[in-house]
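Feature annotation from TrEMBL assigns site 'Transition state stabilizer' to R121. The annotation active site, proton acceptor is assigned in TrEMBL to H125. Positions annotated as Ca(2+) 1 binding site by TrEMBL: D126, G140, D142, S144. Under the heading heme b binding site, TrEMBL lists H249.
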Amino acid sequence: MYTIIQSFGSLGYPESKSTIVLGNPTQVYASPHPVLCLPPLPSSPRSTPCCLQLSSSLRVLRLSTAVRSFFLPALQRRVTCAAGQQTANAACCALFPVLEDIQTNMFAGDTCSDASHTALRVAFHDAIGFSTTQKSFGTGADGSIFLFGETELGFDANLGIADAFNLEVPFIKKHNISVADFIQFAATVSLTKCPGILQPPFMFGRVDATAPAPDGTVPEPFQNVDVILARMADAGLTAADTVALLASHSIAGADDVDPTLSGLPFDSTPSIFDTQFFVETQLRGTLFPGSSGNQGEVMSAIAGEIRLQSDHLLARDTATNCLWQANVNNQAHMASSFQAAFLKMGLLGQDVSKMVDCSDVIPTPPPLAAANAQSVFPPGLTHADVEQACATTMFPNLATAPGAALTVPQIVQSPLTDGDCDDDGEGCDFSSFA
Ligand code: HEM
C-alpha cells in the first residue's frame, strides 16, 4: 500500500487533488521505500521520468485528474530503440547493446555459476561504501571499487574482487555507461541466470565516484553480528535487509577463505536461488571442506560446503535468528525480500529522483524446478541436526532428501575471472579509467 511523500506539484506536475488506485503495479516495487517513476511531461524539457520514493501506508496515490489522464496511458506507452527493442523510456535504449555484449561474451554459457557469482558480489562491495552519518565513507553504488581499484582492491575485505575486475573491466571500457551503472546492471543481469530469482527491477542513471571509499565499509566474515549489523545500518540497511540480502549466499561460494581450495559453495545448490542455504547454515557443523583454522570459517554440515562464521552467527544471534529461519521452506518470502533489499542496496548513495526505471530491459529469470521449491534436510540429516535458535517459532519439519551423504562439488571457475589482475593488485590496469 503506497502514498506519495513528495508533492508532484513541486516537480512541475499539476497539484494533486483526487485519488486513484495505481494502475500499473510493476511501476512500484515492494520495499520499505518503493520507487514510483513518472513519465516525462510533454510540455517539460525534462528528458527522463522523475522517480519518487514512496512510503508504505496507503494503497492509493493522490493525483490530480490531469495527471491521471496523462500518467496512466503513458505508463503503457513504449519507445522503439534503434535496433528495434521496445522499452518504456528512450534512455533505457543505451542498455541493450551492453546487455547483448555481456550476455554473449561476459556471461557466455554461465548458468548461475562463477561469472554470475562474481558479478553479484562486487555489486555489494561497491554499494556498501556509503554511510548515512559520515560523508567520507563514499557515495555508495558509485563504481569506486573499480574506478579507485588501486586503493579499494587492496582492502582485506575485498580479497578476490580482482576476479570481478578481470571479468568486467574489458566490457566497461567498451560501453558508454557509468561504471556505477555497469556494476549494478551486470549484477542484476547475473541474477537472471539463477532459477528461483523473482524478476529483478533495475534503475539506471548512477553517478560515478570522485573518490574511493575508505577501508572498513565492507563487512568481514570474522566480525560479530553487532559489528556487521551496525555497519549495514549505518549504510541504511536494516537487520531484515541484511538477512534478505544474504540470500545471495544461496548462489555463492568462497575462493579465498580456505587458501587451499577455491569455488567452495555456501550451500548444496550454488546455482539455484533456493532456500537450502538457510537450512544448511542452521545445521550442526561437523567438518571443514578443506583445511581448518581459517579466519572467518566455521565447520559446515556437508562435505565440500564451506560455512562463513558470519552466516553461522547471523543464523543464531537473537537479533537475526528468526529472520533467518523465516526463509526456511518459504521460497516466496526469500525471493521477494531479496528483490526489495537488492533494489535498495543498488541505490545506496544515489539520487533516485534523477534515475530512470529500466526494469523492462532485464531478461526473465529461468523458472524454479518444483523439486527445488521446498526446503529439505540433506541426505542423512534430520531435525535432530538443527541448532534451533529462533525462540518464538520452531524450525519447520522438513523431509530428508533420499540417497547417500552429499559431497558438494566445487564451483567451476570461469576463465574470464582469471585475468591479469591478481588479488595483490599486481597486473591490474588501473589506468583504464584515467
Ligand atoms: C553482510 C555480510 C557479508 C559478509 C561478511 C560476506 C562475506 C563473504 C565472503 C567472505 C565471501 C567469500 C569470498 C571469497 O573467498 O571468494 C563471500 C562471497 C560472496 N558474497 Fe558475501 N558477504 C556478505 C554479504 C553479501 C551480500 C549482501 C551479497 C550480495 C548482495 C553477497 C554476495 C556474495 C557472493 C555472490 C559471493 C560469491 C562470490 C564468488 O563466488 O565469486 N555477500 N561473501
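Sequential numbering from 1, following the chain as shown.
Positions of Cβ are set from backbone N, Cα and C atoms, glycine also.
A Cβ within 8 Å of the Cβ centre of D126, G140, D142, S144, the residues given for Ca(2+) 1, is found for these other residues of the same chain: A127, G129, F130, G138, T139, A141, G143, I145, A180, A209, A213, L348, G349. With the residue listed as 'heme b binding site' as the anchor, the candidate recorded positions are R121, H125, D126, S144, and the one with the nearest CA is R121. Taking only the Cα positions, the spacing between the residue listed as 'active site, proton acceptor' and G140 (Ca(2+) 1 binding site) is 9 angstrom. In this structure, none of the recorded positions from H125, D126, G140, S144 has a C-beta falling under 6 Å of any atom of ligand 1. DSSP assigns R121 (site 'Transition state stabilizer') to a helix in the three-state reduction. Compared over the binding-site residues D126, D142, the count of CB atoms lying within 10 A of a residue's CB peaks at D126.
Other Cβ atoms within 10 Å of the Cβ of R121 (site 'Transition state stabilizer'), summed over all protein chains shown, number 20. The DSSP secondary structure for the residue listed as 'heme b binding site' is helix.
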